[in-house]
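*Asks:* Straight out of TrEMBL:
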{"type": "SIGNAL", "residues": "1-19", "note": "signal peptide"}
{"type": "DOMAIN", "residues": "29-245", "note": "domain 'Calcineurin-like phosphoesterase'"}
{"type": "BINDING", "residues": "Asp35, Asp73, Tyr76, His244", "note": "Fe cation 1 binding site"}
{"type": "BINDING", "residues": "Asp73, Asn112, His207, His242", "note": "Fe cation 2 binding site"}
{"type": "CARBOHYD", "residues": "Asn118", "note": "N-linked glycosylation site"}
{"type": "DISULFID", "residues": "Cys163-Cys221", "note": "disulfide bond"}
Amino acid sequence: MDAWMTLLGLQVLLLPLLAHYTAHTSTLSFVAVGDWGGVPNAPFHTAREMANAKEMARTVQMMGADFIMSLGDNFYFTGVHDANDKRFQETFEDVFSDRALRNVPWYVLAGNHDHLGNVSAQIAYSKVSKRWNFPSPYYRLRFKIPRTNMTVAIFMLDTVMLCGNSDDFVSQQPTMPQDLGVARTQLSWLKKQLAVAKEDYVLVAGHYPIWSIAEHGPTRCLVKHLKPLLATYGVTAYLCGHDHNLQYLQDENGVGYVLSGAGNFMDPSVRHQRKVPNGYLRFHYGSEDSLGGFTHVEISPKEMTITYIEASGKSLFKTSLPRRPRL
């Protein structure tokens, strides 16, 4: 009788685990976090960054994540000097140190503050850290949704090289790229890639937002050069940071705009509310007394689900986007 009861007890314990495992085997999921880059003085991290790291670990355990997408401003306020810079240890490795995060790969892109330092050092750090992946300023990722024949393409951009750097304290807008030829090359690479992308989901990610109601507002250069490509080539969503809050917007073509810039600071500003077309904004969260947050993205054969999670553990908003029609 005792043995039977023990077996029954084990079954009860294992059932939720099995259900959890089954639910997550035919999905691809990741955490997207931006603007998480600590501070340049001891202890080199903020309470918000620490809270985000802790909640990200819990989310990875509960909801699963195949990788973490970093949306730029990885090291405040002036990036890093070289691949041996202590900031890699103090702001990244020591903060995202939970056992649940140790083997989860990061895919990284650069923000405006990273460009005030040495971006090539962040790229070189890929050879130092087993989980930091930053192969070049812009690059393509391709994933298969487990146990299906569905695929996902992600284009990681350098929007600072595309549009120019922006001094957060003087001007809110990047005025022009440092090298026009380099900017054109990146845009032309993206156009060619999108034109032939046959994947079931196509995502584009960069630091600057296309649309935002907050402090920096829409990035004019991206509204002009990048936004038209998203509709033309049937992109599922654009992911970004830069503004220090959480936003979800959707345009008339069904393209989703996921702004996740709350990894280290929170800014309640909605000063550019009128610069975003009516009806686009579906969700905004920038509460100053919040510990920040991030997004969890889960891609199934049917749809892509985006959940906005506060660092306190609260689910703030959830939405989904359909799979692209098969060509």
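Every residue, even glycine, has its Cβ placed from backbone N, Cα and C.
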*Asks:* For the domain 'Calcineurin-like phosphoesterase' (29-245), what's the mean pLDDT in this predicted model?
*Replies:* 96
*Asks:* Look at the recorded positions Asn112, Asn118 and tell me which residue has the greatest number of other C-beta atoms within 10 angstroms of its C-beta.
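*Replies:* Of the recorded positions Asn112, Asn118, the highest Cβ count within 10 Å belongs to Asn112.
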*Asks:* Between Cys163 (disulfide bond) and Asn112 (Fe cation 2 binding site), what C-alpha distance do you get in Å?
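*Replies:* Cα of Cys163 (disulfide bond) to Cα of Asn112 (Fe cation 2 binding site) measures 10 Å after rounding.
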*Asks:* Run through the Cβ atoms and count how many others sit within 10 Å of the one on Tyr76 (Fe cation 1 binding site).
*Replies:* 23
*Asks:* Relative to the Cβ position of Cys221 (disulfide bond), how many further Cβ atoms are located within 10 Å?
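*Replies:* For Cys221 (disulfide bond), the count of other Cβ atoms within 10 Å is 20.
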*Asks:* With every protein chain in view, how many other Cβ atoms are within 10 Å of the Cβ of His207 (Fe cation 2 binding site)?
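*Replies:* Cβ-Cβ neighbours of His207 (Fe cation 2 binding site) within 10 Å number 29.
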*Asks:* Within 10 Å of the Cβ of His244 (Fe cation 1 binding site), how many other Cβ atoms can be counted across all chains shown?
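*Replies:* The Cβ of His244 (Fe cation 1 binding site) has 24 Cβ neighbours within 10 Å.
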*Asks:* With an 8 Å cut-off on Cβ distance to the Asp35, Asp73, Tyr76, His244 Cβ center, who else from the chain surrounds the Fe cation 1 site?
*Replies:* Gly34, Trp36, Gly37, Gly111, His113, Gly241, His242, Gly261, Gly263, Asn264, Phe265
*Asks:* List which of the recorded positions His207, Cys221, His242 have their Cα within 10 Å of the Cα of Asp73 (Fe cation 1 binding site), in sequence order.
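*Replies:* Checking Cα-Cα distances against Asp73 (Fe cation 1 binding site), the recorded positions within 10 Å turn out to be His207, His242.
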